[in-house]
Amino acid sequence: MDKDSQGLLDSSLMASGTASRSEDEESLAGQKRASSQALGTIPKRRSSSRFIKRKKFDDELVESSLAKSSTRAKGASGVEPGRCSGSEPSSSEKKKVSKAPSTPVPPSPAPAPGLTKRVKKSKQPLQVTKDLGRWKPADDLLLINAVLQTNDLTSVHLGVKFSCRFTLREVQERWYALLYDPVISKLACQAMRQLHPEAIAAIQSKALFSKAEEQLLSKVGSTSQPTLETFQDLLHRHPDAFYLARTAKALQAHWQLMKQYYLLEDQTVQPLPKGDQVLNFSDAEDLIDDSKLKDMRDEVLEHELMVADRRQKREIRQLEQELHKWQVLVDSITGMSSPDFDNQTLAVLRGRMVRYLMRSREITLGRATKDNQIDVDLSLEGPAWKISRKQGVIKLKNNGDFFIANEGRRPIYIDGRPVLCGSKWRLSNNSVVEIASLRFVFLINQDLIALIRAEAAKITPQ
C-alpha cells in the first residue's frame, strides 16, 4: 500500500514537472515569436561599441544616437528597449525614412565664426591705409612743421608745396587723422622715423616762417646792405624765436623776398592814385561792382563790339610797328636818356631796386661769392638763390648789336622767349630780361652806339 502510494506520488510529481516545463517552454517560445514579429520591420545589423566621429548632414538619418541610447539602456537594465518593446516605429520616423532619399536637403551655408572674424580684420586695414598712398612721410613732416610754425591750416595749404596737389579739406582731414586716429598716427610716425637725416634736414629747411620771425626780419633796414654776419648775429640774439633749422643764408633770402614785396618796417607802400587811374589789373578788378554786371546778351551789340575789337587790334599792331620810330623823337624832346646814360655808358640794365651800367663791351651776369667776382651781381636786386654764379654774358658786337649768352642752368627769358643754356639772343632797346623771377629792362645808349657804328663803317672800307 505504501509502495503503491509512493509510486503514484512520484508519477504525479513527474507529470506536474513535465507539464510546468512544457508551459515554460511554450511561454518562452511565445515570447520569442512575439519579439520576432515585433522586430520584423527593423533589419538586424552588426554594430560596434566604438564611437566613430564623422560629419553629419541634415538629410542623413542619424543612427549613431540610437545606438548610443541603446547601449546606455543595455548598461542600465541589461535589456534593449527597442527590441523588447513590441511597438512599431512612429509615423514621423517613417516619413523621415521615406522622404530622405527622394528630396535631399542641401547643407546650410553657415559661415564659420573664424571666417567672419577674418573678414572683419581684413576690412580695417583698408580703411586705415586708404590715404597712405598719396600722403608720403615727407608730406606728413612738412605738414607738422608748418602747422607748428603758423597754427593756420589755410596758410599751410597756400604756402607749403607737397608731393601731390592736396585740397584744403584733404589737408584738414590729414591733420585731424594725425591728431586723433591712433592707427594712422602710429603708422605715420613709424614712416617718418625711417626717413634719412639728410631728407629730414631738407624738409626742415622748407618750414614756413612764423609771424615772430618775420617781425624780427622786418626790423632790418631796407637801405642797409646786411651781410651773412648780420643775420647770424640775429640768430644768436633770438634763438627762441627762430626755428631750429634756420641758417643765416635762409634768413637773408627771406629778407630779400620781404624787401621785394615792401614788407619791411621802413618801407611804405605807394597808395592808389586819385581819380580814374589804376596801377594794375587786380586793383581795377577790385573796383568793379559785380552786382551791376548783367548776363543779358545782345547779338547786335556783340557784333559791333567784335568789329570794334578787330579795328582796335589792327591799330595797335600798326602803333607797335611805329613805336621804335616815335621813341627816338620822344627821348630827344623830353630828355629821358640824360639821367640814365653818360659818355661812357653803352647800355643800362635797370631793375626795381638797382641800376647796372654797362661800360665795357662785355660784362658777366650772375651771383657774386667770395671766390667768384662778376660784373653784375643780381643778388642786389632781390632773391638770387636760383641764379647761377655765372648766369650769362652780354656782348657788344662791332656793328652795334648787343647779344646775351646763357651760361647758367636756368633759362633766361628775353621778351617772354626762353634762352636755354648754351644759346644766345639779340638784345634790342627796351627788351625785358627775366632771370629767375627778377625782371630788368635793357636800355641802349643810342647816341653812343650810333658813333660806334659810324666808326665801324669808316674802318671797314679800308
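Glycine too: its Cβ is placed from the backbone N, Cα and C atoms.
These features come from Swiss-Prot:
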- MET1: N-acetylmethionine (MOD_RES)
- 1-130: region 'Disordered' (REGION)
- SER22: phosphoserine (MOD_RES)
- 43-55: compositional bias 'Basic residues' (COMPBIAS)
- SER102: phosphoserine (MOD_RES)
- THR103: phosphothreonine (MOD_RES)
- 103-112: compositional bias 'Pro residues' (COMPBIAS)
- SER108: phosphoserine (MOD_RES)
- 113-123: motif 'Nuclear localization signal' (MOTIF)
- LYS123: N6-acetyllysine (MOD_RES)
- LYS130: N6-acetyllysine (MOD_RES)
- SER282: phosphoserine (MOD_RES)
- 301-335: coiled coil (COILED)
- 363-419: domain 'FHA' (DOMAIN)
- 389-396: motif 'UBR5-degron' (MOTIF)
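Using DSSP to sort the residues of the domain 'FHA' (363-419) gives these counts of helix, strand and coil: 3 helix, 22 strand, 32 coil. Under DSSP, SER282 (phosphoserine) is assigned to a helix (H, G or I) in the three-state scheme. Along the coiled coil (301-335), the predicted structure has mean pLDDT 81.
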